[in-house]
Amino acid sequence: MAADSQTSRLLTFTLLCLLWPQEAGAFPAMPLSSLFANAVLRAQHLHQLAADTYKEFERAYIPEGQRYSIQNAQTAFCFSETIPAPTGKEEAQQRSDMELLRFSLLLIQSWLGPVQFLSRIFTNSLMFGTSDRVYEKLKDLEEGIQALMQELEDGSPRVGQILKQTYDKFDTNMRSDDALLKNYGLLSCFKKDLHKAETYLRVMKCRRFVESSCAF
């Protein structure tokens, strides 16, 4: 009887060891199509948020008569222009998925520091509640892109060291004209960079999973 009891305990222990996941990868993985769909939705949301934030700032602080001249003067240089990233859909279609993912990751990571100061320039605005969560949304997208990179890892050369700079933080001294112009330029770059990231992700999703929404 004792032998039977010991055998039963050993069998139970063995079954538990077999069923317990040995590593994170033992859990069911999300389908690649779902990973792409989630990343695209996050990028679209962030791009729209960046565009809305830019418009709100412009409406609140930049006189209408000065907007065109300021935009043409390129008051802020976007660091993303220093990397050999595609500038549009057509160029993006000529790059591999891994290249586009790495460029997307670089763009997102370059804003993780600066956006932590974004909510401070909208303390008296309806945009405050939204802008205060931008950092968390960027982190979510960063994790989504990294998950895609792990799925598609192909051993190709990395481009992660190309963009070492990050953007300056947003200036909270809203009584200074220089600060206003700086923030206006940063928001313009933020909008452009998120548009690029969204474009790259949509190009990848469309060429892997042909669908009617590929025309954009």
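Using N, Cα and C of the backbone, Cβ positions are placed for all residues, glycine too.
Under the heading signal peptide, Swiss-Prot lists 1-26. Under the heading Zn(2+) binding site, Swiss-Prot lists His45, Glu198. Annotation comment: Swiss-Prot describes Cys78-Cys189, Cys206-Cys214 as disulfide bond, evidence class similarity to another entry. The phosphoserine annotation in Swiss-Prot covers Ser131.
Mapped onto this structure are the features recorded in Swiss-Prot.
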{"residue": "His45", "record": "Zn(2+) binding site", "Cβ neighbours (10 Å)": "15"}
{"residue": "Cys78", "record": "disulfide bond", "Cβ neighbours (10 Å)": "18"}
{"residue": "Cys189", "record": "disulfide bond", "Cβ neighbours (10 Å)": "21"}
{"residue": "Glu198", "record": "Zn(2+) binding site", "Cβ neighbours (10 Å)": "24"}
{"residue": "Cys206", "record": "disulfide bond", "Cβ neighbours (10 Å)": "19"}
{"residue": "Cys214", "record": "disulfide bond", "Cβ neighbours (10 Å)": "12"}
Cα of His45 (Zn(2+) binding site) to Cα of Cys78 (disulfide bond), in Å and rounded, measures 21
Expressed in Å to no decimal places, the gap between the Cα atoms of Cys78 (disulfide bond) and Glu198 (Zn(2+) binding site) is 17
Whole-number Å distance separating the Cα atoms of Glu198 (Zn(2+) binding site) and Cys206 (disulfide bond) is 12
Cα of Cys214 (disulfide bond) to Cα of Cys189 (disulfide bond), in Å and rounded, measures 25
